[in-house]
Amino acid sequence: MSFNSDASSPSTSAATTTRDWIFPSYSFIHSPQNVHRTARRRRFSSYRHPPPQFNSAAASFQQRTAGDDSKSDSSAISRSRRRHFEFGNYEKSTRLLDDGLDGDGGEGIMSNDDAVSSEKFQLKEAKVMETEKNFSGFLRGRLRVRWQLAFTVAILITVFSSLIHKNFSLHKEVTELQDKISKLNVSLKLCNLLDSIDIHNSSPEDIPVDDLRSKSLKIAALAVSIMLLSLPFFFLKYVDYVSNSRRLLENNSEEVSLNKQLAYRVDVFLSVTPYAKPLALLVATLLLICLGGLALYGVTDDSLADSLWLSWTYVADSGNHANSEGIGPRLVSVSISFGGMLIFAMMLGLVSDAISEKFDSLRKGRSEVVERNHTLILGWSDKLGSLLNQLAIANESLGGGTVVVMAERDKEEMELDIAKMEFDFRGTSVICRSGSPLILADLKKVSVSKARAIIVLAEDGNADQSDARALRTVLSLTGVKEGLRGHIVVELSDLDNEVLVKLVGGELVETVVAHDVIGRLMIQCARQPGLAQIWEDILGFENCEFYIKRWPQLDGMQFEDVLISFPEAIPCGVKVASRGGKIILNPEDSYVLQEGDEVLVIAEDDDTYSPSDLPTVWRGNLPKDEVIQKSFERILLCGWRRDMEDMIMVLDAFLADGSELWMFNEVPEKERERKLTDGGLDIDRLVNIKLVNREGNAVIRRHLESLPLESFDSILILADESVEDSAIQADSRSLATLLLIRDIQAKRLPYREALVSQVHRGSFSQGSWIGEMQQASDKSVIISEILDPRTKNLLSMSKISDYVLSNELVSMALAMVAEDRQINDVLEELFAEEGNELHIRGADLYLHEGEELSFYELLLRARQRREIVIGYRLADTEKAVINPTAKNERRKWSLKDVFVGRLGQETRALRKMSLYQYYGLAALVVGS
């Protein structure tokens with residue numbers, strides 16, 4: 001709708017505004033002056049733009065709505081918003097006008113209610129305009145920020161595009177220059193080749209053809225290298241695809257996929273093939289060089305040989321690719337260098353693993369021993385230290401030897417324990433290896449077939465288990481295909497298992513039953529103080545030991561003459577060739593040596609003695625006959641051993657009728673009887689001794705005080721089987737028991753009235769506690785079983801007890817049998833219940849008071865009783881002399897200084913030697 005141009009208004013000057021259309025305000029439309037002038041029209045029937053004339057009401061509305069937007073009149077959005085609201089106001093005004101005219105019959109007069117509603121409408125319109133103003137301001141700020149961001153991004157994109165364009169332009173120029181240089185190089189090469197023939201005959205048209213062929217070859221080489229590089233990827237994808245397809249077709253989830261099978265085959269190949277890893281590394285290196293050479297040949301102008309060599313330089317040194325020019329050569333050279341670094345890392349890993357494995361093999365003792373004529377020791381026990389010491393002494397005369405020790409222990413631990421042993425190896429080398437003697441491969445690793453002697457040590461612990469393991473070891477040794485060059489020396493713990501081991505090993509095996517032998521030896525030493533030291537001197541290699549050798553010049557000579565034929569040795573027996581090499585100890589004087597017989601002697605070393613001319617020796621007569629009297633004795637055994645029944649039977653044979661054997665240990669009485677019965681002892685069949693059982697702990701003083709310790713003739717302190725696995729613990733227990741017993745005896749015995757109270761024995765005074773114990777030891781003999789050789793220093797210094805080094809004596813016997821297996825027959829007879837054995841004898845049985853005799857004369861006098869004197873001990877010395885020198889030199893003997901003993905075959909009874917005689921001079925004999 002439009003308004004007539006004749007409508008007067010005081011605001012006609014508003015026509016100068018920039019707005020093209022204006023609508024009358026609400027007040028103007030409802031003004032009384034203009035109601036009759038406004039003709040009613042049909043709403044929105046034919047809307048036209050109003051003419052440019054403006055009335056005062058429109059001007060006032062324009063000024064009111066546009067007052068706050070005068071700062072941004074140029075904004076198109078603000079003009080659009082104002083037109084929209086003005087058009088809405090005009091529409092509302094027209095509707096109100098029409099309603100007013102229709103309501104009062106055309107009078108055109110508004111009521112008071114209409115005036116009030118018009119005012120409210122004006123207020124609401126003002127609020128709407130203020131809200132619209134705020135929204136338009138916020139929208140203008142957001143649009144301003146977006147325009148700035150878009151402008152910045154456009155500038156950056158333009159700069160980046162120009163740089164990329166410049167880079168590609170430069171690259172294109174470089175490529176063109178390289179092509180030109182390559183063409184010039186080709187032309188230069190052609191000129192150099194054809195210069196000697198005829199440079200004018202060359203055709204310029206041929207150069208592009210050769211260049212084209214070279215480019216074709218280079219492209220083909222590049223394509224082949226790329227195809228070969230991508231081939232493993234496609235192969236793995238194909239394998240995975242085949243595995244999935246097979247699984248879907250067969251519908252079997254338990255079937256192993258193809259890729260797992262391939263991985264397993266590769267794993268088996270790398271594990272089984274000895275040099276699989278180095279071979280795989282070599283193949284990978286060659287493939288990398290070849291592929292890299294082909295790729296370099298495709299992106300550079302070099303020949304194929306030069307490209308391969310350049311590829312090798314990149315593989316060997318990753319820094320050589322720094323001089324590469326161009327994207328293609330640099331990309332290929334970097335790839336080859338990266339592969340070379342990986343190969344170099346793998347090579348370092350393989351070399352490091354190989355070196356570490358080799359050193360680890362050497363450290364853990366898995367390498368093979370390349371030795372001949374060495375001594376092999378299988379197993380580990382507390383006896384190893386003494387055994388190594390004896391073997392080192394035995395090999396000293398040969399300039400040293402080689403001893404190999406194999407046990408189921410770590411090599412470093414064994415070497416550390418051996419290094420802690422306090423003795424000199426005397427040039428002998430000790431080699432340790434880790435392994436099991438039950439495995440043939442481990443036995444071959446220590447050259448078992450080339451060893452001259454094999455020693456199998458018994459394990460610490462249960463006797464039956466130890467002997468069972470020794471039996472399995474002998475079975476493994478007999479199963480060596482190459483055969484054994486030397487003999488086997490087996491240490492057993494139980495005498496009952498000896499027959500089974502010899503049955504399995506046959507003639508190769510020599511057994512040493514350590515536990516039973518030590519028990520019998522302790523009984524002998526208890527009745528003959530000082531005998532333990534004699535056995536220690538004879539069995540060890542430090543002094544004199546047994547040797548067997550053939551002397552042809554002695555054939556046809558009687559044994560009585562053989563006795564005085566060796567100035568540096570003492571003959572003890574003969575190895576009879578006619579009886580299969582059987583050794584006869586202490587043969588008849590009338591026995592004549594036959595061809596092939598060998599003589600058993602006691603000498604310092606095997607090369608220190610030889611026979612000489614027969615000396616002239618006066619025989620003489622014995623002063624008196626020997627009378628053996630058995631007397632009642634009381635013996636105490638402290639502790640419990642596995643061979644207790646054997647010791648009881650031996651004592652029953654040696655002691656007089658009515659003797660008492662007291663057993664004091666922690667084993668209950670009923671269990672003792674059961675163990676003795678299981679061991680084969682019938683208590684009711686004992687003839688000479690009576691068993692007295694007492695239960696208690698030998699290291700508790702009140703338990704020991706309940707015993708009549710002052711009434712015992714001999715006390716044997718045994719290494720109890722409950723602690724015999726630990727040498728230190730067993731020795732500590734034995735020492736504690738020894739000191740307690742001696743202290744109790746010292747407080748009970750009348751020392752001032754003792755028979756030997758005036759005898760000077762050492763540097764200790766009679767008032768000291770050790771002096772009191774020494775006086776108590778004059779009344780009774782105490783024998784302590786010692787397992788650790790270091791403990792003997794304490795006992796030897798205090799002089800309050802004799803001792804038996806059980807472990808050391810067994811080690812000495814093992815070493816002697818290992819050096820010469822024939823000695824085992826000698827030891828078996830000396831340790832046996834019947835036959836010849838060492839014994840201490842009284843001097844009054846061989847000479848008169850003040851008589852001068854040589855040692856040869858004593859030998860011949862002892863032969864009248866079928867005895868062989870092997871040594872003596874003077875009263876003012878503490879150590880016996882075995883195989884004395886200057887045997888033909890005469891000296892004056894005293895009855896107070898000389899003691900000799902023997903074992904009588906007719907009675908098999910040990911003559912008990914008095915303690916007074918023990919501290920005089922002793923002669924050692926072998927008697928039958």
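Backbone N, Cα and C define each Cβ position, glycine as well.
Annotated region 'Disordered' per TrEMBL: 34-80, in sequence order.
If you look up TrEMBL, you'll see 37-46 marked as compositional bias 'Basic residues'.
Feature annotation from TrEMBL assigns compositional bias 'Polar residues' to 54-65.
The transmembrane segment annotation in TrEMBL covers 145-164 (among others).
Panel annotation: around the transmembrane segment (219-239), residues 258-259, 262, 291-292, 294-295, 297-299, 304 of the same chain, lying at least six beyond its termini, place a Cβ under 8 Å from a Cβ of the stretch. Per TrEMBL, the feature transmembrane segment maps to 219-239 (among others).
What TrEMBL records for 279-299 (among others) is transmembrane segment.
Remote same-chain partners of the transmembrane segment (331-356), defined as residues 6 or more beyond its termini with a Cβ less than 8 Å from a stretch Cβ, comprise 277-278, 281, 284-285, 288, 292, 295-296, 299, 311, 314-321, 324. According to TrEMBL, the feature transmembrane segment maps to 331-356 (among others).
Residues or ranges marked as domain 'RCK N-terminal' in TrEMBL: 372-513 (among others). On the 0 to 100 pLDDT scale, the model's mean across the domain 'RCK N-terminal' (372-513) is 90.
Marked as domain 'RCK N-terminal' by TrEMBL: 632-805 (among others).
Helix, strand and coil counts under DSSP for the domain 'RCK N-terminal' (372-513) come to 62 helix, 31 strand, 49 coil.
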